[in-house]
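K.L.:
Supplied in structure tokens, the structure appears directly below.
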Amino acid sequence: MPMKANRIEPRSQKTKRWKKDSPWILHIFNHKCCVTSITGCYSCQWKIKQEKKSKRGPYCSWRERLFYPCLVISFCMSVLLLFVWIESSNEYFGFDWVIFLGTGFWFFWSIVLLSFFGILAAYTSLLLVLGSLLLWEGIELYLHWCHKILILLVILTCSFFFWILFTYWKDRWLTVGLSLQVFAPYIHLSSISVMVMLSWPVAFYLIYLEGEGRIRRYQMTCYERKRNKRCNVLIKLRALQVAIGVPFFLILLCLYLLPLGIYSPCIQEKDKLGPKPNFFGHRGAPMLGPENTMMAFEKAVEHGAFGLESDVQMSYDHVPFLMHDSDLRRTTNINEVLPNASLTHPSLFDWDFLSTLNAGKWFSHPRFKPFYNMKPLSEADREKAGNQKIPKLTELLELAQKEKKSVIFDLNAPAPRHFHRSSYVRHVVSVILDSKIEQHLIFWVPGFDREYVRKRAPGFQQVGQLFSIERLTKENISRINVDYKRLFYSGLREYKAVNININLYIVNEPWLFSLAWCSSIYSVTTDNIQVLNEINHPYFFMTPSYYKFMWILMDCVSAVFIVAIFYFHWWRESQKEKLLKSTGIHTESQSISLRTGKSENQEPSHISIDPPARVMEIPWIQATLYPTLTKSVRKHPDPSCFSVVPMKKASKPEQVSKTIKTPMPGKDDVRQLVPTMKAFEPTQAPIWESTRETPLQTSLSAIEADETISCVDIPHPQKQIEKPPSIESSEESSFMFSTTSSLSFSSLRLSSKKD
């Protein structure tokens, strides 16, 4: 059956049609643009070199292979450091206060560190994603030396902060443990979703390696002399499959069985949930008013505080007053009134001088506000805060007696030169008793001289520290004041079992308050009372039956998705293998039949008649060439390529066909298959010259008319049984499928011969 040659559309016409049919976004954003941007960001090379792409083998040099784990390590360290610092948000105020004691300058250093750790994590994540995309595209990795230096600096920086955490802030890891107790069920379900998304590239790579191994085993039968070398390659491919697949499935199995080992106080039955914890306003309500001022304590009472917490010091003339710091720089205007005495201990000042200091003007200043997430003050509150003074202990006791609120405080010892250095506890007890406050409203925390306090004020509620249960029972202490991080150790269940009420300090975050609620804690000391008081149900609470249902459902759905993803990749790879094998067998059988085929009136041919390379895609070789094209070429062809458009049949195909078959030039006339200048020169035979010029002139006239090559009926190479086994016949057919430029050049040569 005669085959049809396709016309070649001009590049300009094709480009205009492509721009007309394509949406506008494809003119700006295309595959090549994206790959160029990714390569430029990763390696600072904004031009893609085609030779850097490779179908097989390593995608990067051995130096890049050694440095890529450093990138992964920096990513893991930066993300872990960011997670630890985010979970430590409950301690931001304490961190800023410690920095202030060392530098004397108040600033939100905690927020600066949070932003810095976020930048490190985002930077390493971006490089890791860009590297993965380049590997997916098959482009050689080359990380710029600037990025390499920055990655090493990230590793050193993270190592330095981890050293600080392990050396000076070990209890921060307890905060991380508490956050995992709260978020463990949700992290578990989210991790399964992440594994489902990761199963796509893992399945793709595993199935690709399996298909690569099958192809190489198939090729072994044809290349036995390379058997040993290919066996080593197969072992490497299998090792890669094991190194990728085994960790993936082990992690997935651990996630499926993780709920068997999860402990979370927030997973319990609703009837076992304890009452909402009570609130002690830490130094009043320091987010609503200046700390340790009457305005702050009044704000705490307004927001439903169960008790008021403060810090008590004694002036030089024996007046107990409220002050936390060991100097007056942060919370008063001592720098304006008496700058030389700003570092002096507050207990060395007389009350007459202390009562003149302003204790609230700093609070309304943006630079000195204690909490980053504070809401702006109203004009009335701003004016009220600016007029606050240092209060005496008796003022706090009067407010507590009036509102029936409990009072808990830390009693700080006076300076060594103070007159009441050894008797300050007894003096404070006397002041409390003289205020006529009900004794049961006093929660006595100081452990110094506790026996005297018991005898003098038996109605005080004694509050201990995290002592042993035997000691607490012996001293008849029924309440303990504990740092919230100690909740990590079995939730303090042994203390609750013997009816010891627990007060946790300092709890500011809603998730931490929810954890305390689920752990049946009696009360918490907080700076954020206005937010925690609005929580009516603990966050992240769920019943065991609901979590079990979500666990089983998530496992089943994820397993189905993962199996479907692996099956899809296996099916697609098998289709490619079938296409490749069938194409290879067809091509091989066709080549053998062409090489060994004989005719009754012909001698066997000793010359290979493989179809030469052409610009156009001929129907009988299109299937053979297509599997060898790379993915990027198939999906994103270069605009400079010729488009193949079917043409109508020529007006007189039989006449042209006869014209081609009639001439039989000598063997020495044409000696190479690729058209060159010599190959297109006319031979000595006049018949061949005339017959050769006829199709050329016809083709050139068609080109001048509509810039296309008309369709010509040419017999398929397999159907030409009567064709003599000579080079001329093969070259004659290849000549008719040459490019437009070759035809034009030939016509010029022929016209010059005529002239």
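Placed from the backbone N, Cα and C atoms, the Cβ positions cover glycine too.
Predicted, not measured: the structure shown is a model, and the values here were computed from it.
Features from TrEMBL:
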TRANSMEM  66-86  transmembrane segment
TRANSMEM  106-136  transmembrane segment
TRANSMEM  148-166  transmembrane segment
TRANSMEM  186-208  transmembrane segment
TRANSMEM  235-258  transmembrane segment
DOMAIN    277-536  domain 'GP-PDE'
TRANSMEM  549-571  transmembrane segment
REGION    714-755  region 'Disordered'
COMPBIAS  726-755  compositional bias 'Low complexity'
K.L.:
Six or more residues beyond either end and a Cβ under 8 Å away: which residues meet both conditions relative to the transmembrane segment (235-258)?
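P.N.:
Tertiary neighbours of the transmembrane segment (235-258) are 188, 191-192, 195, 198-199, 202, 205-206, 209-210, 212-213, 216, 555, 562.
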K.L.:
Six or more residues out from either end of the transmembrane segment (186-208), which same-chain residues have a Cβ under 8 Å from its Cβ atoms?
P.N.:
136, 180, 241, 244-245, 248, 251-252, 255-256, 258-259, 262, 540, 550-551, 554-555, 558, 561-562, 565-566, 568-570, 572-573
K.L.:
Averaged over the domain 'GP-PDE' (277-536), what pLDDT does the predicted model reach?
P.N.:
92
